[in-house]
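Taking it in order: structure first as structure tokens, then the write-up.
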């Protein structure tokens, strides 16, 4: 079993003078995510690479699965490290690597050498050719294919010689915590968990607000949202979830406002409450799972009407995505099956038969004036009675 993993990253490498900030954040996140994995791990960075070193007694599959969910990582390479004892020893190490990893030697290959240590006495091209020749001598059944090889034999000349031929893809993106914090409006649907995942992939720490409407929505609906948060937390880390009792506000809107405007007005008050908690939590914006035209409340005019009540930016990472693309991501991050469980949330009750799709903001504000005698107290009660749940990965 491999004792060391070479961690590759992409965008971090072009960050110039601030690169160390992103590297340090990545190292910190790797240590945090590995804390519950069986085994002992040391994480260190070294000239454009991060290494995860183990004591050899660890759960390989769980370790790889955990690393493959850490934003900022583009590749996870089980690697063999060797002292530089000359070119002949390097070739011997490559032969041993192939013997160890591949039972069937009838494959095509390419040698890909990289010299991080420029004082090495051979160029990368010379290493490629010479090592390739040694591999062909040792394993005559192999063939060279520089265009589409079945096996890529990677050699990195660093303080230690790095040899690896497997690269497990990571999620990419930027390390968590390098781009501030934002508040996700999380429901039990397909879209908002995906939106949270995508914004977290850009380095944003996410908190969340969920609007609960008992007795019209059940405890199972609430648990469904908590379960979704747990799945997102596998990528984003711990999520602070605000559970808001929205029932009385919804009932007041239903009783006093035009029914074709119910959804827009409810969304506006949801945004106000979510922004309140975002301010408290020092977030820099709100996140929603809205996509243009997907439902009546997500036309351009409707989005403008909900935006109008917000002072901070509203980020919509799914805004131009097709539903099938969103579903693909939800399957990838394992939220889809939970999202389609048949428990209603507050966005699916009190829905108008014919909701307005091109709301006029002045008319909406006029309708909201009907709530003036009750809304301040209802908002205060909803905020004061909000339950906070700290959600960790499942």
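Cβ atoms are placed via backbone N, Cα and C, with glycine included.
Residues annotated as ATP binding site in Swiss-Prot, with sequence analysis given as evidence: 185, 186, 210, 211, 267, 289, 298. Feature annotation from Swiss-Prot assigns domain 'THUMP' to 61-168; the stated evidence is sequence analysis.
Other C-beta atoms found within 10 angstroms of the C-beta of residue 185 (ATP binding site) number 24, with every protein chain shown included.
The DSSP secondary structure for residue 289 (ATP binding site) is coil. Across the residues annotated as binding ATP (185, 186, 210, 211, 267, 289, 298), the two Cα atoms farthest apart lie 19 Å from each other. For the binding-site residues 210, 267, 289, 298, the greatest number of Cβ atoms within 10 Å around a candidate Cβ is found at 210.
Note on residue 186 (ATP binding site): other Cβ atoms within 10 Å of its Cβ, all shown chains, come to 31. The DSSP secondary structure for residue 186 (ATP binding site) is coil. Reduced to three states, the DSSP call for residue 210 (ATP binding site) is strand. Residue counts for the domain 'THUMP' (61-168) under DSSP, helix first, then strand, then coil, are 37 helix, 30 strand, 41 coil.
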